[in-house]
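These come from TrEMBL:
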- 117-289: domain 'Yip1' (DOMAIN)
- 50-81: region 'Disordered' (REGION)
- 1-15: signal peptide (SIGNAL)
- 136-157: transmembrane segment (TRANSMEM)
- 177-201: transmembrane segment (TRANSMEM)
- 213-235: transmembrane segment (TRANSMEM)
- 241-266: transmembrane segment (TRANSMEM)
- 273-296: transmembrane segment (TRANSMEM)
Amino acid sequence: MLRLLLIVFVKHKLADKFLLDAPRHGQGIQFEEAGNLLEANRDATTISIEDDDMPERQRNAAGFTPDVDEEDPHASDDKTELLSGQKKNAPFWTFEYYQRFFDIETHHVKERIIGSMLPWPGKNFIHVHLRRNPDLYGPFWICTTLVFALAISGNFSNFLLNLGKPDHKYSPQFGKVTIAATAIFSYAWFVPLALWGCLLWRNNKIMNLVSYSFMEIVCVYGYSLAIYIPAVVLWIIPFEWLRWCSIVVALCLSGSVLVMTFWPAVREDHPKVIAAIMSAIVLLNVLLAVGCKVLLLPY
C-alpha cells in the first residue's frame, strides 16, 4: 500500500513539473522513473488526474481553452428562442411592440393601397391583403397625406374663389391643418377601438369563427382612407358638382371595403345587432367625408 501511494505521488509531481517547465524551457521531462516504478509493480492501481481537478495555472500553461458550454447562458437562451420562433413579444406600451408594425416591404403597401381603392365583391381585405400581418406604416402615411391634402385643397380653393377681388387679401388658414388632423386621426384610431370593443363583446355572447385584432381593424380603416386622397385633390377645381361626385365615389369605394371586411364578423349575430353595427360603420364614414367637405372647403 505504501508503494502504491508513492507511485501516485511521484507521477503527480512529475506531471506538475512537466506542465510548468515545458512552456518555459521548450523541452519536457521523460517519465523514466515513474515508468520504472510502475514496471516493478504491474498490479498497482493508478489514479488519473482529470482536467476538472487540474489547477488553473496548469490549464493556462498547457494551453487549454474554455469549453463552448461555458458561454453566457442568457445568450444561448436568446439563440434558442430565435431559432425555435418562441421569442417573447414585447409589452404593448414599449417601442419594440410597435416597431414590427412598420417592418413591411414597399410592394406590400402598394398592393394594399390598390386593394383598398378597387374592392372586389366577396374579397375580404384582411384575408386577402393583410394575411394576419397588419402594418401601421401605410395607415400612418395615408392619414398624414390626407391631412395635408385637405388643408392644401381648402386653402387653394379659397384662393381661387377670391381671385380677382380687389378688396380681398389672401392669408393662409393654418387652422385647417389642425381641424383635418383631429378629424382624420380620431376617425382612424377611436372608431376602430370602439368597433374592436363591440366585436369582442359580441364574440363573448355568440361564438363566431371570424375575429379580428385591434391592429387589423386599425389597418383596414387606415387603408380605406386612401381613396379620399385623389378625391380631395379634385376639390381644388372650383366646380361644386365635381366635388360632390368625387365624395360620393370615394364614399362608395371606402364603405365597400369596410362592409365586405366586417360583414363576416357579424353575420352570425342577431339581425338588429348586425344592422346597428353596419349602419354605424357606414354613417361614420359618411360623416367624416361630408364634415371635411363642409368645414374645409368654401362654397
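Going from the start of the chain as shown, residues are counted 1 onward.
Even glycines carry a Cβ here, placed using N, Cα and C.
A TrEMBL annotation is a machine prediction, not a hand-curated record.
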To the transmembrane segment (136-157), which of 177-201, 213-235, 241-266, 273-296 is linked by the most Cβ pairs under 8 Å?
213-235
Overall pLDDT for the domain 'Yip1' (117-289), taken as the rounded mean:
89
